[in-house]
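Student: Swiss-Prot feature annotations, pasted as is:
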type: MOD_RES; residues: 1; note: N-acetylmethionine
type: CROSSLNK; residues: 51; note: ubiquitin cross-link
type: REGION; residues: 237-277; note: region 'Disordered'
type: COMPBIAS; residues: 239-252; note: compositional bias 'Acidic residues'
type: COMPBIAS; residues: 259-268; note: compositional bias 'Gly residues'
């Protein structure tokens with residue numbers, strides 16, 4: 001049986017119980033630039049890779065403000081993400097106007113999942129080709145959700161979506177146990193380091209990433225480029241210091257005629273620096 005017999009309509013099931021159009025939408029998420037979210041007890045940090053179509057164009061926005069206590073990062077079709085973020089903003093405003101209180105994050109995520117799920121049941125609609133990391137803060141604490149094109153949603157301590165996101169997930173899995181008690185500064189640093197993991201050797205600069213923060217008594221806002229670059233500089237100096245220390249230890253042991261050996265060792269350390277992952 002050929003797949004193209006069952007992937008022409010989103011409401012057509014394959015004999016193996018699969019909806020190929022929904023799976024294609026989920027694959028679109030993997031093609032987008034990486035987006036990362038982390039949360040502690042009091043803060044949520046969203047970060048993404050800035051991707052431009054060419055050197056002459058500006059990058060597309062991948063993080064949107066929904067309300068003072070909610071933000072969303074997307075991976076996949078940016079146009080779909082823009083439409084859904086506008087829907088989320090409308091839901092938040094309507095709730096605030098009606099009940100005079102902020103919209104709980106979990107309730108907004110359910111509304112968003114229901115909207116996405118309807119597109120998997122109508123033959124004249126297509127699934128949204130975008131994944132959303134929804135971060136927010138309400139009376140029950142900080143939350144981070146992932147909304148899938150299939151209409152499913154999951155809550156995470158930290159998560160990454162998009163292209164090359166597996167490298168970021170590996171980094172987050174190594175450190176996720178400490179995120180709950182982390183400070184805002186530590187969350188920002190871990191988010192940027194996770195972004196670096198997705199670049200696969202490309203030099204990390206503040207212009208390549210966007211970072212947003214929200215927390216207790218701290219409305220949603222974006223970090224400026226200077227603040228991001230300062231964080232990058234703090235952990236970019238660490239490999240250099242280790243390299244200098246290695247050269248200093250090698251010099252007393254080296255023979256007078258082997259002065260070049262220490263330099264070769266230093267360049268070897270540079271080759272295996274975290275930037276090359």
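Placed from the backbone N, Cα and C atoms, the Cβ positions cover glycine too.
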Student: Run through the Cβ atoms and count how many others sit within 10 Å of the one on residue 51 (ubiquitin cross-link).
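Tutor: So the Cβ neighbour count for residue 51 (ubiquitin cross-link) comes to 15.
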Student: Three states by DSSP: which one describes residue 51 (ubiquitin cross-link)?
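Tutor: In three-state terms, residue 51 (ubiquitin cross-link) counts as coil.
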